[in-house]
């Protein structure tokens, strides 16, 4: 080996070493900004998970700035390649990939005998309208289908930033209506016993779809019999509710990322992210109207005991330019919690799952109150040691969290009642 070749090798190794040192330093810095409360189960494991996700994000950000690969595409690739494992289909279950009205779906059908028509669940995965896929929701959908003896339809809706609102909701709408129209003839499912549901952004889509279908009722198709909302994101009007303040730095969903994901879904203009967090996007008269539904006074006392909660809104901080950029996000199809009573009253009974250490906890609890106040049946399951994204760690080997199993079993128990 000549000297020039040796120098090239040493130089390349030095660049690689510097790159990894940079990543490690940035990961360490990000992890120091996190806050995992004592009440979270398996805190050490969550630290490891958070470090892994931060590392993926940082490498993606570096590759993006170098012009080598878009950060979102890198994150999707890494998760698909290293964090998703599709197991062989277990006995008692049939799984097949189909297309409903040009939307990819994965159908999970129990093969055990049934005395009559089965129940159904149309499921929308989470991921901030940006991440997630049929594969990431596979373990959850398999478990629900088999344990609840329910035909589950998982919907592979299109994602941001390639596709913005209302594409995701439109895809879920099209797939759901297609299934309702063929449920009995092609799948042996009672169309009157089909629920819709999802986790996180998927819970948002499920709630918004129930409201859309309730307004559209034309007598030709039955509406969903229930909505299964798993730590749903339900409004982008107030990012300073108690759960946002208490859990602002709890992995795996920080407060700032919620605003980022909403903006990616809406129009991609993340320059106003800080304005959303500070509440500068809501006119005074609108904030007053929303108070009826978003006031912390409507939360149970136990939701307000952790930390020093602050009132951060001021009418003097309102920015009209920001409002016009995000105003579509205050539409109930993006923020279902802000829908009028007359619409919510027409929606089906609900199952709502919330986690104590989740920035979105209060969205779910406040929506539960609205539903109850309007006379709807609501089943609420609260995970006292849970965090956002809990179901992503169901049946994930050493990354499995026991509270994820408890959470999904509560979902199965509810689905069985439909």
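Cβ from N, Cα, C; glycine included.
Annotations in TrEMBL come from automatic prediction, not curation.
The range from 6-28, 29-51 that TrEMBL describes as transmembrane segment is residues 6-28.
Under a cutoff of 8 A between CB atoms, and with a sequence separation of 6+ in the same chain, the neighbours of residue 358 (active site) are 231, 243, 247, 250, 253, 386, 387, 388. Here the domain 'Alpha/beta hydrolase fold-3' (121-269) is broken down by DSSP into helix, strand and coil counts: 64 helix, 25 strand, 60 coil. Long-range C-beta contacts of residue 200 (active site), restricted to its own chain and to partners at least six residues apart, with a cutoff below 8 Å, comprise 126, 127, 128, 230, 231, 232, 233, 253, 360, 388, 389.
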